[in-house]
Amino acid sequence: MSELEQLRQEAEQLRNQIRDARKACGDSTLTQITAGLDPVGRIQMRTRRTLRGHLAKIYAMHWGTDSRLLVSASQDGKLIIWDSYTTNKVHAIPLRSSWVMTCAYAPSGNFVACGGLDNICSIYSLKTREGNVRVSRELPGHTGYLSCCRFLDDNQIITSSGDTTCALWDIETGQQTVGFAGHSGDVMSLSLAPDGRTFVSGACDASIKLWDVRDSMCRQTFIGHESDINAVAFFPNGYAFTTGSDDATCRLFDLRADQELLMYSHDNIICGITSVAFSRSGRLLLAGYDDFNCNIWDAMKGDRAGVLAGHDNRVSCLGVTDDGMAVATGSWDSFLKIWN
């Protein structure tokens, strides 16, 4: 047996030991704890608005903190800021690269960001004196595509990339201030903790890592998925997060228990998950799928509580407003839909 093969086996044994040690610490299961909870019942949501204007596949969307405006990014080379109440376009921003994969709205509402196969995170200022939108900063540095970006504030943004790393940037100087390396596959998604001090990243190595924003340290690594992880989202209290994967499952992981608590899957669901989000209370988990649907899960019990059907192609992105009053789904059919 080669030395490398021996090391592989040892690593596998250690992994199993760690898994067993984690299991031994678990004094109870989520299923046992939530047995007394009333089921949420059947959740039915209606399409309240359809946002028409993109001319090609929509790849990403993100709500503003006002729960009214949202930004979407499409393969048509446009970033559109929408008013979800009126369905009007507030801004339509032509991009230098049409190969956009992610977009983000700053908490202040002053900036939006996007990026994709150009490997660059572009920041756009929405509140210029002239009233027009312009590029305020471009952040080059990743050696792979930009898969996700999220603002910490008007001067800091975190990006994830196909180069297997994440990065924290100082927007003012255009410099990377912290690099986060540790994944062995493309990083597909990131989610900021509610307090903004940590974030989780999901990658094509089928693992999720928890990072400290300030010091580039990987605090925890979570395994269990059997394929690429496309989406991650923090639970509203910041102590847990959910993931969506090409293995056709969503999973709930707890930071304090240091392990997986629950898996959301169904025999009829055999396609990958593109996007995940929690309701404001955390009781419902919404997940977008390759089969054109968005499933609603009872996050505590693991049962399917409803389905949002209305798109004619893959649901590529979704988001719940900060006030919890609406859900937006974006699809390869070029439309965004607002539900509640």
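Here the Cβ of each residue, glycine as well, is placed from N, Cα and C on the backbone.
According to Swiss-Prot, the features are:
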type: MOD_RES; residues: SER2; note: N-acetylserine
type: REPEAT; residues: 53-83; note: repeat 'WD 1'
type: REPEAT; residues: 95-125; note: repeat 'WD 2'
type: REPEAT; residues: 141-170; note: repeat 'WD 3'
type: REPEAT; residues: 182-212; note: repeat 'WD 4'
type: REPEAT; residues: 224-254; note: repeat 'WD 5'
type: MOD_RES; residues: TYR239; note: phosphotyrosine
type: REPEAT; residues: 268-298; note: repeat 'WD 6'
type: REPEAT; residues: 310-340; note: repeat 'WD 7'
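The Cβ neighbour count for the residue listed as 'N-acetylserine', using a 10 Å radius and every protein chain shown, is 7. Non-local neighbours of the repeat 'WD 6' (268-298) in the same chain are 39-40, 43, 45, 227-228, 230-237, 242-250, 252, 304-309, 311-320, 322-324, 327, 329, 331; each lies 6+ residues outside the stretch with a CB under 8 Å from one of its CB atoms. A straight line from the CA of TYR239 (phosphotyrosine) to the CA of SER2 (N-acetylserine) spans 42 Å.
Look at the residue listed as 'phosphotyrosine': DSSP puts it in coil.
Shown for the repeat 'WD 6' (268-298): DSSP residue counts in helix, strand and coil, namely 0 helix, 18 strand, 13 coil.
With pairs at least 6 apart in sequence, the repeat 'WD 3' (141-170) and the repeat 'WD 4' (182-212) have 3 or more Cβ pairs within the 8 Å limit; the two touch. The stretch in closest packing with the repeat 'WD 7' (310-340), judged by the count of Cβ pairs under 8 Å and taken from 53-83, 95-125, 141-170, is 53-83. Sequence-distant contacts of the repeat 'WD 2' (95-125) (same chain, at least 6 residues past either end, Cβ-Cβ under 8 Å): 59-66, 69-79, 81, 133-140, 142-151, 153-154, 157, 159, 161, 163, 169, 171.
Each residue in the repeat 'WD 3' (141-170) gets a DSSP state, and the totals come to 0 helix, 20 strand, 10 coil.
Each residue of the repeat 'WD 2' (95-125) gets a DSSP state, and the totals for helix, strand and coil are 0 helix, 18 strand, 13 coil.
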